[in-house]
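Below is one structure, written out as C-alpha cells; the observations come after it.
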C-alpha cells in the first residue's frame, strides 16, 4: 500500500513540474496578440465594425515591436513616393530629349540632301560644260576641215588668177614699149618683140604644167597610200575581207568627186591659159576678153563647189546604201560558195579512191566544177564594183581601168559560147543538190 501511494505522489509531482509557469513577458505577449486579433477583426468587419478597446490601443502603442513595424512601413511609403516623383520629373525631360534628338536627325537629313543636290548639280554642270567644249571642238574641227578643202581647191585658182592678172600687165608693158616699132611696119613685126610678148604666156603655161604634174604626183601618192592601208586592213580582217576588192570605195568616191572637180577646174584653167596665149596679130581687146572669161569660169567653178555640197552628201548616202546592200549580197553568196567548196572538197576526198578505176569520172567532175564556177564571189564582186566605162570611173574619182583581171579574161574566153543565165541556173541547181545531200548525210549521222 505504501508503495502505491509513493508512486502516485511521484506521478503528481512530475505532472506539476511539467506544467509551464507564466512569466510576465509571456503575459505581455499574450495581451499584444489579443489586441492584434481585435484590430484584425475590426478591419475585417467593416460593414459592422467591432470597436477596439482602449486597453488594446495602449498596449499596441507601448509595444516597441509594433512601432518598428509601423516605422518600416512608413519608410517604404516614403520611398515609393520619392520614386513616383522622380519618374514624373524624368518624363518631361525624356520627352524634351526625344524632341531634340528628332530635330537633330531631321536637320542632319536636310543638310545631307542639300549636300547631295549641290554635288549632283556641280557634276551635271561639269558634264554639260565638257559636252559643250567637246561639241565646240568637234564643230571647230569640222569647220577647219570644211574650210581647208575649199581653200585647198581655191588656192591654185587664186594663184592662177594672180598670174593671169600679172601676165596681161606684162604684155601691156611689152606692147607699149614696142608700139613705136610696130606702127611703121605692122606687117613685119620685130622678132624680139614677139619673143618678149610670148615669154610671159610661155611662163604661165610652164607653171600650169608644173602645177598639174605636182598634183598628179600627189594624187598618185595618196592612192598608193590608200591601197597600202586597204591591203593591211584586208590582211587583218582575214579571208572574208578578200571577197571585197574595193573596201573603201565610198572614200574613193568622195575623194574622186573632189579630185574630178579639181580636174575640171585645172582643165578650165589650162584651156584659159592656152587661150590666153596671144597670137602675133591680136591686140589688147582679146586679152581683156579672155581674162573676163577666165574669171567667170573660175567663179562658176568655185560656186559649183559650194552649191553641190548638199547634192554630194545625198549621192554619198545613196552610194553607201547601195554598197552596204551589195556587201550583204556578197556575204550571202560567199557563204553559199564556201559550202559548195566544202562539198566539192568532200567529194574529191571520196572520189580519190575511185579515180584510179574510173578516170573519166574525175575528168567530168573537174569539168563540172569549172563550169559551175565554184571559185568564190571574188569575180562577181569585181564585176559589181568595176565601173561600166571610162566616164563612170572618172566621175567616181577612180583611175581608169588599165589592168584587167586575168581570171576574168579566161572566164570570158572559156564561157563565150554560154549564156550567163544558164550558168547561174546550173550553179544554183548544183548548190541546191549539194546542200540536200549534206542535209541527208547529217540526218543519217544523227540517226546513227
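Every residue, even glycine, has its Cβ placed from backbone N, Cα and C.
Summarising the annotation, Swiss-Prot assigns compositional bias 'Acidic residues' to 223-238. Under the heading disulfide bond, Swiss-Prot lists 35-56. What Swiss-Prot records for 415 is O-linked glycosylation site, and it gives similarity to another entry as the kind of evidence. The feature phosphoserine is assigned by Swiss-Prot to 197, 258, 288, 311, 324, 362, 389, 393, 415, 429. Taken from Swiss-Prot, the feature glycine amide applies to 308. Taken from Swiss-Prot, the feature methionine sulfoxide applies to 363. Per Swiss-Prot, the feature region 'Disordered' maps to 116-251, 263-429. Among the features that Swiss-Prot reports, signal peptide is placed at 1-18.
Location within the structure of each feature annotated in Swiss-Prot.
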residue: 35; record: disulfide bond; Cβ neighbours (10 Å): 21
residue: 56; record: disulfide bond; Cβ neighbours (10 Å): 19
residue: 288; record: phosphoserine; Cβ neighbours (10 Å): 12
residue: 324; record: phosphoserine; Cβ neighbours (10 Å): 11
residue: 429; record: phosphoserine; Cβ neighbours (10 Å): 11
Proximal residue to residue 429 (phosphoserine) among recorded positions 35, 56, 288, 324 (C-alpha distance): 324
Euclidean distance between Cα atoms of residue 35 (disulfide bond) and residue 324 (phosphoserine), Å: 123
Distance from residue 288 (phosphoserine) back to residue 56 (disulfide bond), taken between C-alpha atoms, in Å: 159
Integer Cα-Cα distance in angstrom, residue 35 (disulfide bond) to residue 288 (phosphoserine): 157
